[in-house]
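*Asks:* Features from TrEMBL:
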- 9-22: compositional bias 'Polar residues' (COMPBIAS)
- 28-42: compositional bias 'Low complexity' (COMPBIAS)
- 566-671: domain 'STAS' (DOMAIN)
- 1-42: region 'Disordered' (REGION)
- 166-186: transmembrane segment (TRANSMEM)
- 198-218: transmembrane segment (TRANSMEM)
- 224-243: transmembrane segment (TRANSMEM)
- 281-298: transmembrane segment (TRANSMEM)
- 305-325: transmembrane segment (TRANSMEM)
- 361-384: transmembrane segment (TRANSMEM)
- 396-416: transmembrane segment (TRANSMEM)
- 422-446: transmembrane segment (TRANSMEM)
- 453-474: transmembrane segment (TRANSMEM)
- 494-518: transmembrane segment (TRANSMEM)
Amino acid sequence: MKERDSESFESLSQVLPNTSNPGHMIQMAMANSGSSAAAPSGQDQLDRSKLLLECHEPPSPWHELKSQVKESFLTKAKKFKSLQKQPLPKRILFILQAVFPIFGWCRNYKLTMFKNDLMAGLTLASLCIPQSIGYATLAKLDPQYGLYTSVVPPLIYALMGTSREIAIGPVAVVSLLLSSMLQELIDPETDPLGYKKLVLTTTFFAGIFQASFGIFRLGFLVDFLSHAAIVGFMGGAAIVIGLQQLKGLLGITNFTTNTDIVSVLRAVWRSCHQQWSPHTFILGCSFLSFILISRFIGKKNKKLFWLPAIAPLISVVVSTLMVFLTKADEHGVKTVRHIKGGLNPISINDLEFNTPHLGHIAKIGLIVAVVALTEAIAVGRSFAGIKGYRLDGNKEMVAIGLMNVLGSFTSCYVATGSFSRTAVNFAAGCETAMSNIVMAVTVFVALECLTRLLYYTPIAILASIILSALPGLIDINEAIHIWKIDKLDFLALIGAFFGVLFGSVEIGLLVAVVISFAKIILISIRPGIETLGRMPGTDIFADTDQYPMSVKTQGVLIFRVKSALLCFANASSIGERIMGWINEEEDDENTKSNATRKILFVVLDMSNLINVDTSGITALVELHNNLIQNGVELVIVNPKWHVIHKLNQAKFVSKIGGRVYLTIGEALDACFGLKV
C-alpha cells in the first residue's frame, strides 16, 4: 500500500510538476487513475457526506436538561402508577424501603446473621470507645462528645444507609479540620461553651450540604478533591495529628494552637527544656508499643483479627487501673478526670445562627462536608466492591447528611465512615448495618454505666490510641503508584501534603484543588495533536508516534486533536501547531527532493471533539485561509453533531467546499480518487 501511495503521488507530480492549483492537480490525478471504475463507491461517499451535512439541529443544553428531568420524572411516575395498583400495605412498604433501606434487608434477616453482626458490633465498640474519646480531645471538645457522636449518627445511618460494612463515628481528619479552623474564630481554652456551639453549628451546616448534594445529585462536587489530592492530604494530616499528640504523650501543659510542623516542633523543643513528664512519656510509649505489636500480630494471623481491635480498650482499662493503684496522677500523670455520662443531651438551642461568624462557619461546614463525604464514599465503595454489591452514592450522601443534621441536635459533631473501624467491622464478619446498631447501643451503655471508671484514664493513653491509628492514613505505596502513572497527579499529592504540613489544613486543601484545576486547564490549553498514518493491511489510521509502522500518505497530512473541546483556551494554539507542522513537513520534503510542493491536503479528524465555540470556529477559518495561501486544502472528518451544526451555521462548510466526510479513508478517496 505504501508503494501504491508513492506511485500515485509520483504520477500526480509527473503530470503537473509546476502547478500550484491543488484542485486541478486532483482532477488530473483522478483522470489518470481511472476513477470511473470507482464511481459507485464515490456515490456512496457522497450520500454519506450529505447525511452528515444535512443532519437536523441538535438539542440545546436547555432541551437536554429538560429531557433529563422529564425522563427522571416519567420513570418515577411510572413507578408511582404501578405502585397505585398494589395493596396499601405494599405501597407503604415500598415507600419505607425507598427512604429507609433497613426495611429491605431486615425482611430476610436471620439469627445466624445477627450472631455475626453482634460479634462485629461488640468488637467495633471496643475500638470505638477509646478512639472516640481521643478524637473528641483532638477536636478540642470534652471526651463525652466523641461518645455522643458514636451513638446517634450510627443509628440513623443504619436506618438510611446502603453500605453493610461501613462503621460510622468521629474520625481523626475531620476532628483536626474542625479544631484547626474553628479555633481561629473562638479559643476553646478561654471560651469552651462558645467553641462547642460553633462546632455544633458547623456540624449542622455540613449535614445540610451533604444532604443537598444527594437530593440534587451534586455528587460531582466531591470529585473536586481528586484521589491523589486526598492521599496527600491524608498523609499530611496524619503527621500533623501525630505532632499534636506529643502534647499528651509528653505531658506538656502549654502548647501551640498552630498546626504547621514548624510551630509544633518549636513548641515541643521549648517544652522539653522546661517542663514535661517522663512518667507520662514512658506510660504512653509502652501502651503505644503494645497496640502496634498487637496490630502486627493481627495482620500476620487473620484468626486473631480481634486482638488489634480490643488492644486500645485493654490499654485504657490497664492504664486506668495502674494510675488508680499507683496514684500516678499525683506524680504528674494527667488524666481525663470527669466525663459526663448519660444519654445525648438535646442541643438545638446551642446552634448559633446570629453569630457574626456565620459566613465562616458555613464555609468551614462546606469544606468538612466534602472531606467527610469523600472519605465515607471511598470507604463504602471499597468494601461494597469486595462484597459484590452496588453502593447508591446519592442515598449515601442523604443518609450521611441527615445523620449529621440530627446529630447536631443531639450534641454530636461531624461523623463519617472510618476506614480503620470499617476494616475491623469487615474482618469481624459483619453481615449488615446491624453491627452499627450494636456498637451504638454498647457505647450508650458505656455512657450510662462506665464513664465514672474513666476518671483515672491517662491523657497519654488517648494520645497513644490516636497515634496508633495514623499509619493507616499514610499510604506510601499509593503515592509511589501515583508517581509512576501520572506526574501531575503526584504534584497535586505533594502540594496537598506539604500545604498541610507547613501551612494549614485549609492551605493544603486549597493547593490540592488549585493544582488539580491547573492540570485540567493546562491539558485544555495545550492539547496534544496526533499525526495519523494508515496501519498496514487495514483501513485504520493511527498515531504515527505510537505506531511507527503506520504509513503516511504522500501529499496529505492527517491530524487529530486530543481534546474534547475546541475553544478560546486552545484554538489559537492548535492552529499554530498545525501550521508549524506543515512548514516542518514541507521543509523535510524539500530537503529530500527538488519538488516545489508536496503537501496538497490537510485532513483534520474531529472524532474527539464534542463541541466547538466561536473562538474555535474563528481559529478554523484562520487555519483555512493560511492553508489556501500556501496552496493547501482543508478537509474535515467525522465531526460530532453539535460541531457540524455550528460549522454549518457559521458557513464554514461552504468555505472549505463541502469537504466533510465520515471517515479518513473516504476523505482520501474523495480527494485523490484512489483507494487508500
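Cβ coordinates are placed from backbone N, Cα and C, and glycine is handled just like the others.
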*Asks:* Please figure out which one of 166-186, 305-325, 361-384, 422-446 racks up the most CB pairs under 8 Å against the transmembrane segment (494-518).
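*Replies:* Comparing 166-186, 305-325, 361-384, 422-446 against the transmembrane segment (494-518), the winner is 166-186.
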*Asks:* Examine the transmembrane segment (422-446) against the transmembrane segment (166-186) and state whether at least 3 Cβ pairs sit under 8 A, considering only residue pairs 6 or more apart.
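*Replies:* Yes, since the transmembrane segment (422-446) and the transmembrane segment (166-186) share at least 3 Cβ pairs closer than 8 Å, they count as touching.
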*Asks:* Is it true that the transmembrane segment (198-218) and the transmembrane segment (281-298) have 3 or more Cβ pairs under 8 Å, skipping pairs fewer than 6 apart in sequence?
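*Replies:* No; fewer than 3 Cβ pairs under 8 Å.
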*Asks:* Is it true that the transmembrane segment (281-298) and the transmembrane segment (224-243) have 3 or more Cβ pairs under 8 Å, skipping pairs fewer than 6 apart in sequence?
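*Replies:* Contact between the transmembrane segment (281-298) and the transmembrane segment (224-243): absent.
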*Asks:* Where among 166-186, 224-243, 305-325, 453-474 do we find the most Cβ pairs under 8 Å to the transmembrane segment (361-384)?
*Replies:* 166-186
*Asks:* Determine how many residues of the domain 'STAS' (566-671) DSSP places in helix, in strand and in coil.
*Replies:* 59 helix, 15 strand, 32 coil
*Asks:* Roughly where does the domain 'STAS' (566-671) sit in mean pLDDT, to the nearest integer?
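*Replies:* Value for the domain 'STAS' (566-671), mean pLDDT as a whole number: 85.
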*Asks:* Would you mind listing the long-range same-chain contacts of the transmembrane segment (224-243), meaning Cβ under 8 Å and 6+ residues beyond its ends?
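*Replies:* Here the qualifying positions are 138, 172-173, 176, 259-261, 264-265, 268, 370-371, 374-375, 378, 466-467, 470-471, 473-475, 478-479, 482, 486, 489-490, 492-501, 505, 508-509, 512-513, 515-516.
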